[in-house]
Structures are given as structure tokens and as C-alpha cells.
There are 2 protein chains.
Amino acid sequence: MQTLFQYNWIVRDEWYHWCENLSEQELLKPRSGGVGSILKTLFHIADVEWSWIQSIQGKPDFQEDFEGYRSLAKVRALDARFRADIEPFVRGWDESLERRIYTQQRMDGSMEDLAWGEVMRHALAHEIHHVGQLSVWAREVGKTPVSANLIGRGLADSLPGRKA
Amino acid sequence: MQTLFQYNWIVRDEWYHWCENLSEQELLKPRSGGVGSILKTLFHIADVEWSWIQSIQGKPDFQEDFEGYRSLAKVRALDARFRADIEPFVRGWDESLERRIYTQQRMDGSMEDLAWGEVMRHALAHEIHHVGQLSVWAREVGKTPVSANLIGRGLADSLPGRKA
């Protein structure tokens with residue numbers, strides 16, 4: 001679990017860095033698909049990751065409104081705050097947590113039991129999916145996207161099991 | 001590991017189904033970003049997943065050429081063949097395999113040691129990333145993309161650890 005979250009955090013930080021070379025207008029410009037702009041996507045990724053991990057722990061959640069975060073600096077600061085909240089939980093993850101149950105209320109009011117392991121994988125896949133969208137939009141603005149490679153990032157030490 | 005591969009296979013099958021409602025011209029049309037068309041992306045996802053899993057096992061690999069697979073039916077048939085090859089390996093995955101070493105030759109001829117666990121996560125993140133690209137292109141052709149949700153797909157039984 002740690003490996004894929006660490007991968008996401010590294011890639012996300014590279015996207016923030018990548019965004020430094022784009023105008024605020026391009027960062028906020030409405031685009032086809034996803035949540036609609038490059039910066040809103042990064043905001044959404046950080047918000048959703050944090051919200052799920054807070055929720056399964058029974059910690060308070062709230063829906064941050066993007067209108068209050070329409071600059072790269074503000075999204076980065078929010079993300080740093082969120083990450084400090086959730087990183088200890090991710091680093092402390094072990095197999096005993098996989099099948100704990102989180103009961104969520106669906107939009108229609110009905111209840112749904114989810115395993116924590118499902119929720120964590122949902123959150124990490126959610127980020128990779130949205131980053132794929134960023135990569136298309138990067139080409140639209142004539143720039144090379146951040147690499148999506150997981151290999152070559154020195155992540156072997158984060159793998160499950162004992163180090164040799 | 002099984003959970004995220006199963007997620008990918010379910011989502012990929014839904015994309016094949018989604019493609020049935022698109023003309024061959026739209027499936028093959030060059031698009032911005034990624035490997036350039038919807039069908040080539042699906043071919044690329046299946047090819048890359050299979051190639052990595054074959055390679056770490058020391059099994060023969062070869063570079064399939066998309067030119068021979070320019071129809072939905074051909075890509076689906078290739079994928080089915082590939083999946084039959086690799087599914088037993090994925091289902092048999094356990095923690096003892098995480099840190100086995102696969103030595104690959106880089107493009108420049110130098111050698112690189114990768115942990116099997118890194119390679120497997122690289123392959124699964126690779127698919128989710130490319131599917132994010134498909135979701136943007138889906139909107140460009142005026143259609144709703146396949147859901148990227150991992151929750152709600154009945155995947156809890158595939159999680160690591162003992163069932164309750």
C-alpha cells in the first residue's frame with residue numbers, strides 16, 4: 001500500500017513543479033473531461049485522498065470548495081496540510097486493516113459496507129486516473145507531461161515484506 | 001495485488017464494451033497525448049501488462065505491432081490470449097515474491113535491478129494512467145466514460161488476508 005501512495009505523492013509533487021511553468025489562466029482553463037481544469041484536478045486529487053482516509057478513521061471530513069483555492073500556491077499548501085494528516089496512517093498500514101469495515105451513506109441515503117482495503121485502493125487508483133487526464137491536457141498546451149513510470153523512482157524499499 | 005489487477009481487468013472489459021458503440025474511424029482516430037488513439041491505447045495496455053509479467057518470469061517476450069490489430073475484435077482476442085497467460089501468476093502472487101529481482105536492460109544498454117513488486121505496481125499503474133486518458137477522449141466524442149470507481153465492484157474478497 002505504501003508503495004503506491006508514495007508513488008502518487010512523488011508524481012503529484014512533480015505535477016506541482018510542472019505547473020510552475022504554466023500561467024494561472026492555463027491552470028484554470030476549462031478542459032474536456034474529468035473535473036475540468038488542471039488545478040482543480042490537483043485540488044480534487046488531494047481532497048478525495050484526504051477525505052477517504054479521514055472518513056474510514058471516523059475523523060471529521062468536510063467538502064473543501066475549490067473557489068477558495070484558485071492558485072497553485074493555495075492548492076499546494078492545502079495538500080501539504082492534508083498529507084501531514086494522512087501520511088502516518090498510510091505508513092502504518094498493515095494487512096490487519098484490509099478487511100475492517102467502513103459503512104458509508106450513499107447519495108440516495110442507503111448504507112454500504114466497504115472494506116478499508118477497497119477504500120485505500122479506490123483512493124490511489126482515483127489519483128492515477130486523474131493524472132492520466134492531466135497528461136492529455138499537458139500535450140494540449142504543448143508540454144511534455146510528468147512521467148507516469150513507477151519503476152526508476154527508488155520505491156523498492158517501500159514494498160511489503162522484509163528487506164534482504 | 002490481485003485486487004488492483006482484477007479492477008483493471010473489469011474496467012478494461014467495460015471499455016471494450018464501451019467501444020462497441022464507437023465507429024472504427026473514431027477508435028483509430030489520432031488523439032492528443034498518450035499513444036494516440038483509443039484502440040491503440042487498449043492494445044498498449046494489454047501488451048505492456050503481459051510483457052512485464054512474462055519478462056520477470058523469464059518467459060519469451062515480443063513486441064506485438066499494432067498494425068496487425070487495428071480492429072476491436074482483434075485487440076480483444078489478443079487480450080484474452082494474454083490474460084490467460086498471466087492470470088494464474090497474478091492470482092498466485094504472495095508477499096514472498098515482492099523483492100525478487102528482475103534485471104532489465106535499459107534502452108542505453110546498461111542494466112537495472114528491479115524488484116518484482118515494483119514491476120507489478122508499475123504495470124497496474126500504467127493501465128490506470130492510460131484509462132484516465134481514455135476518459136478525456138470519451139468526452140471529446142460526446143460519450144460518458146466508463147466509471148473509474150474501484151468501490152462498488154465486489155472486490156473485497158480479493159483483498160489480502162483472511163476472510164472473516
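A Cβ is built for glycine as well, from the same backbone N, Cα and C atoms used for every other residue.
According to TrEMBL, the protein carries these features:
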BINDING   A:His44, A:His126, A:His130  divalent metal cation binding site
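Here the features listed in TrEMBL are painted onto the structure.
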residue	record	Cβ within 10 Å
A:His44	divalent metal cation binding site	20
A:His126	divalent metal cation binding site	22
A:His130	divalent metal cation binding site	23
**Request:** Taking chain B as the partner, extract the binding-site residues from A:His44, A:His126, A:His130 whose Cβ is under 8 Å from a partner Cβ; order them by sequence and answer 'none' if none remain.
**Result:** A:His126, A:His130
